[in-house]
Amino acid sequence: MTELNKLTVADSIKGLKNKDFTSKELVNAHITQIEKHRNLNAYVTETFDLALKQAEAADQNYAQNQPRTLEGIPFAAKDLFCTKGIRTTACSNILKNFVPNYESSVTQNIFDKGGVMLGKTNMDEFAMGSANITSCFGNVISPWKANDDNADLVPGGSSGGSAAAVSGFMASAALGSDTGGSVRQPASFTGLVGFKPTYGRCSRYGMVSFASSLDQAGIFTRSVLDSSIMLEAMMGFDAKDSTSIKAEVPELQSAIGSSMKNIKIGVPLNLGEGGIEPDVMKIWQDTIELLKNAGAEIVDIILPHAKYGVAVYYVIAPAEASSNLSRYDGVRYGLRVERENMTLDEMYEMTRSAGFGEEVKRRIMIGTYVLSSNCMDAYYLKAQKVRRLVANDFNNAFEKVDAIVLPAAPTEAFKIAEKQNDPTIMYLNDLFTIPASLAGLPCASIPAGLSARGLPLGMQIIGKQLDEYNVLKVASTIESGVKHIKFEPAGF
């Protein structure tokens, strides 16, 4: 029998319904795995007592044949989802001891459907990073190793703790957030399915903000079916979020294994012109061939303004961050640095200097600069205009195709210290994920192959607004085509 912590969400639900094991046994298997691999630093807060209490309640519901859709399923939450009575830090010193008195809508949705929370996962500070190396709790180490080197690798970022937890069988599923690729890129690096729904599908209420016009909750799982199950539980209109979309939550599970007949797949050839590793290019070509053989029609498309995505993103996102993070002043909550006879301005300065890490300070400074009166027209407003052009490119493409397929990241996972001193190179890791974020489109990363060094590589599927169904359909087809490949880190 498969170890309980290695079961997918779907298989866990089936086993619990069949009474093959209890939720408490399932949770304990995950707790054992978490304790065994604490060196990966995936979790920053463990909630084992809560999980066991929730598991006992789940077992009672199964005994009474009244299970909810996620009854007894162990999950983890990125540490920017506010959890009532449980520390929520965004992995920043400025919030290191913050305990919210309310619950985020997304975690509440999962609790309402029977989910069991194992803990809060590590992340880049305020979700700013692509390698999970900016956390005040230290780096996250990927469960994966290259076959020619024993060096520690990054799990990607900013949702690296969630990716490491699911990839290392320390959670059945894990919540992440995706602003410019923070679910899709880590999923690519760790051999997982990472899904970011349409902007507004999941409530942002109770999520610590980075860039409000881009932030969206996402999910890590080990199968496409699991993604569909979790998304159905997470999504839905929320009056507490002004950006929430009033749209019915679709039935998504029927997308799995459905026919690719009459599906047109767009391939943006202009995005493969540079900065992409040969292994990634080969897997991209193999994936297109796989979809063609499955009955899809392949259509070459051009996204003319996507190449400006990174530049646009690193104007808009820091601008929004500088505004959002102005609330951390040491007055109302979070860290406060004090000394005798200090002025209010000195308290602000000392608190923010001590509370924010270097990457967050860098982005606040960039954001403040581009919003200044001298630069607003030249940078911020121009970036917003180009963002609209990027969105229009997608609208034009989707008049001809049903989905777009391209890599989730231009490289395989890299060593922990390899790129941290060059932020520009780190920013370019989101080259393929940022355009869809700027347009607010649903997208997923799906494991599509292994590099020559035995590391997972993910392909990204981008869909039309509110068309999570077709994204899952294409992802499921790719998943079926590579089922002979074992996306499992050695030793786990």
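Cβ coordinates are placed from backbone N, Cα and C, and glycine is handled just like the others.
According to DSSP, Lys78 (active site, charge relay system) is assigned to a strand segment. As annotated by Swiss-Prot, active site, charge relay system applies to Lys78 (among others).
For the recorded site, Ser158 (active site, charge relay system), the DSSP three-state label reads coil. Residues annotated as active site, charge relay system in Swiss-Prot, with sequence analysis given as evidence: Ser158 (among others).
What Swiss-Prot records for Ser182 is active site, acyl-ester intermediate. For Ser182 (active site, acyl-ester intermediate), the Cβ neighbour count at a 10 Å cut-off comes to 36, with all displayed protein chains included. Taken residue by residue with DSSP, Ser182 (active site, acyl-ester intermediate) is part of neither helix nor strand, so it is coil.
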Nearest-integer angstrom distance between the alpha carbons (Cα) of Lys78 (active site, charge relay system) and Ser158 (active site, charge relay system): 10
Integer Cα-Cα distance in angstrom, Ser182 (active site, acyl-ester intermediate) to Ser158 (active site, charge relay system): 5
Cβ neighbour count (within 10 Å, all chains shown) around Ser158 (active site, charge relay system): 34
